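According to TrEMBL, the features are:
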- 200-219: transmembrane segment (TRANSMEM)
- 270-289: transmembrane segment (TRANSMEM)
- 335-354: transmembrane segment (TRANSMEM)
- 361-388: transmembrane segment (TRANSMEM)
- 394-416: transmembrane segment (TRANSMEM)
- 437-461: transmembrane segment (TRANSMEM)
- 467-492: transmembrane segment (TRANSMEM)
Amino acid sequence: MVLKVFFPSCCSSADSGILIGRWISEQNSAVILAVVHFPFIPVQVKQYLGEVQRMTKVSVSVLGSWSNSKQEKEESLSEFLEDLGTIFCHEPWIQISKEGDSKFWSCSTLQKHSKNPQEEEIILVYYDQRKVMLSHLHPPLDTAGQRAEDASKLSAIFDTVARSRVLFMTDRYDEGPIKLTHWQSDGVEASIIVELMKQASVPACMLLTFLLSLLSGICRSRVLKFWPLSFLWSKLSTCEQLGHRLQHLQVISSNKKAQNQNQLMRKANIFVSLLIDVALGILLMSWLYRKNRIGHLADTLIPVADHVAEELQDLLQWLMGAPAGLKMNRALDQVLGRFFLYHIHLWISYIHLLSPFIEMILWYVGLSACLGLTVALCILSDIIALLTFHIYCFYVYGARLYCLKIYGLSSLWRLFRGKKWNVLRQRVDSCSYDLDQLFIGTLLFTILLFLLPTTALYYLVFTLLRLLVVIVQGLIHLLVDLIDSLPLYSLILRLCRSYRLAAGVKFRVLEQQDGKPLRLLMQINPLSYGGVVQTYRLPTYSCYPRDSWASLCKKLFLGELIYPWKHKGEKQN
């Protein structure tokens, strides 16, 4: 039978003493947690282990003895270590000794109360107690009573170490009758700055929670539910991003303790994302207000808008002629061309009417960068949407005309085949038509068919322009989603302390010799960077089309509108 002994590597240089830990009979394994040094009083050790067992709900006991032979070996030491087995009464009694500078350790077991003692093969497994404690490969501590009954899993080892946190809170500087060696025996791992921040975060979180609840109450008020405020709130990406960040602030300012590792990592990722977002926004704001860059940007904006309008006028003049040698319906071509030219004229007048206020608007918009780079990018996307509103109007007009003709032609084509669309049953049924209906249907089909190329050309040109604007907005929102959803804290933790994001364990053979126990090293396998992003990625909203190529092509062919924003209620996870 194989006996597995999990020994903490931090105790390899400890002074001689006794081994305390947990015996897992289902696995025939012993998990060593600490070494108690000589001298000690057995009654005090039993009392201390009873207190630890009552606080941690872990059956901690004395499992054996530890001998460090770097000290001068006394003849009575080995006999004394064997006699300890009768005092603490544990079967089997494990004896581990370090043989000077040799790489090999001796490990044996004593079974004094067994009638037929059997020689057991021993595997000595070294583990890093700190990494096992912080790797979170164990079941959640709050669900310890509900953990699986199958104790043969390796998670029982991690669960034992994690639940024995009280045992690791004493160091060698504590005044007490018992001296221990474990991963925090040289001093409890803590930071004065972190502790001060924890104390100061309580009133700060309470104040922030009150302000956020007040702000969220204002946002949920009935005033914002009336048109057009409700329409603007649902369509402007800046409002969506502010609402998204408001939810993030409510999460990190909540005084409710994280229940598990995923909730803790989510809060940390949101906090780091907010810090980096605000830092980048302040850098952008400081760059904008240097050397009068706001004024230069305002002076450039009007000529750019005029140039875009002139290019659209040239494009419409080209469409009103013979574009690419195509013969268009001249009457419809002239009507559509003059209609769109008049809209461009109105747009130019609107831009020049706002030109004296452009610099002031940009100056106040630049201040919004202190809320974060993502808010500034969303404002940029909304500005692009407002500056290209005439292109959107052209696209809507062309799409509606094209859609009307497509559905009219499909309906009249069913008339020729003696079919009709049954609205109640949502299917195509047979129908008989008289001569007048067929004659009028033929005239309408001919008119719509010969007008379709002209309408389709205008629709195609304005759809391409609209897609260009949507692609630019989509790239901006991809950057916003990247900042919002990227788990920056988890990636930094994976880079600096990879064992905190563990995916499993692996064992490496250290030394093997006949007559000596097999020595293995248990190492933590960290998550890959892709696994970190996939596991801890934050949810975001979608501000741009996420349709498949087939769905997008279908919408373009049927003349359905393509929106640059998400519909209300949709959420991208």
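Every residue gets a Cβ built from N, Cα and C, even glycine.
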How about long-range neighbours of the transmembrane segment (394-416): same chain, 6 or more residues beyond its ends, C-beta under 8 Å?
339-340, 343, 428, 433, 437-438, 441-442, 444-445, 448-449, 451-452, 455-456, 458-459, 461-463, 465-466, 558-561
In the same chain, which residue numbers or ranges, 6 or more beyond the ends of the transmembrane segment (270-289), come under 8 angstroms Cβ to Cβ?
245, 248-249, 251-252, 297, 366-367, 369-376, 483-484, 486, 488-489, 492, 538
Same-chain residues near the transmembrane segment (467-492), Cβ under 8 Å, at least 6 residues beyond its ends:
237, 241, 244, 265, 268-269, 271-273, 276-277, 280, 373-374, 377-378, 380-381, 384-385, 388, 391-392, 501, 529, 532-533, 535-540, 542-545, 562, 564, 572
